[in-house]
């Protein structure tokens, strides 16, 4: 069977509404919403359905540096230069709960795959893990010696990876809270890091204009790309695990074929640095943001898969990887030749495991309702506390009046 021919990525839509540089973008699970954060201190939630009004959330007192939807899509986390994290219900009301523990700018926020916890990275040199539903700080990881730009959970939630201005990438065990390994190959600040969908590899972007890919089991450097002419600010894996998109201060986005170790596309859209990029959960789209205050949505086109199957399961589909269970090694100094053809890659791909549609939909609905209920209870508790404080004040005032009037 002949594999369908890939097409070039195409710019589908662009959103204007931010009043300063866009710092972060993320899609909801069903790709119906796209969130963005900006130096203008606001979050925007854009609707992919045409003619739908966007939500603007104001609450942070300084630049919003990061956004991330919960796995169910019913909560939205943001971090800010105001040192706080907020969890929002992404609807027209835009109510939020504030989390405080960091002592400097929060650079990154990322939910665990079960939605029960999230991890943050900060200029206070720490990585912190929080409970979503108990709404409390749990613990810190504190071995970086400079600002921490990014922290992410592994797909199975057992590992955490962090990237820092100390030029290292650190791999942590969530349970023992110990640093498993430090990757020191970057020649400058490490701006961004993320796990391959298989959980076997990590990719990191740096101010030294490079992207590096390591195996988290052997800690070997597998691939090294030096394709941009300026700092690489962000990256995102396609859910298949075969492609990586990068955003750079050279104003371009680049799409890499990880199986063949080569550059597929260079996209020009932003006027000025491209600051952020993220694939949708299915990989059908990716979004980018830049210092030009714009959010752009691109249709991927280059990887033809059955997106319906991916939507049914929240965990990523099995990645197409080599027999060792990881990406192939690519010599960074030698231009790689063509590897397997697209046809052979298609024939060897594994089908993602799926559950019955009705069961998955019911589970997603239950998780979503729990998220919303938790948030509602939190808001009611805050209001109740304020009411109690007011009642106490009234009683104290009444007692003072009675004391004054008693002969």
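Glycine too: its Cβ is placed from the backbone N, Cα and C atoms.
Keep in mind that TrEMBL annotations are predicted by a computer and have not been checked by a curator.
These features come from TrEMBL:
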COMPBIAS  342-358  compositional bias 'Low complexity'
REGION    318-358  region 'Disordered'
REPEAT    15-56  repeat 'WD'
REPEAT    57-88  repeat 'WD'
REPEAT    99-140  repeat 'WD'
REPEAT    141-182  repeat 'WD'
REPEAT    183-224  repeat 'WD'
REPEAT    225-266  repeat 'WD'
REPEAT    267-299  repeat 'WD'
Beyond the flanks of the repeat 'WD' (183-224) by at least 6 residues, Cβ under 8 Å:
146, 149-156, 159, 161-165, 167-171, 230-237, 239-241, 244, 246, 248, 256, 258, 261, 316-319, 321, 325-330, 332
State, in range form, which of 99-140, 141-182, 225-266, 267-299 has the highest count of Cβ pairs under 8 Å to the repeat 'WD' (15-56).
267-299
Same-chain residue ranges lying at least 6 outside the repeat 'WD' (99-140) that approach it to Cβ under 8 Å:
65-72, 75, 77-81, 83-87, 146-153, 155-157, 160, 162-164, 172, 174, 177, 314-315, 367, 370-371, 374, 378
Contact set, same chain, for the repeat 'WD' (267-299): CB under 8 Å, 6 or more residues outside the stretch:
9-16, 18-31, 34, 36, 38, 44, 46, 48, 230, 233-240, 243, 245-255, 305, 307, 310-311, 314
Residue distribution over DSSP helix, strand and coil in the repeat 'WD' (225-266):
0 helix, 24 strand, 18 coil
Over the repeat 'WD' (15-56), work out the mean pLDDT and round it to an integer.
95
Structural state census, the repeat 'WD' (141-182) (DSSP three-state):
0 helix, 22 strand, 20 coil
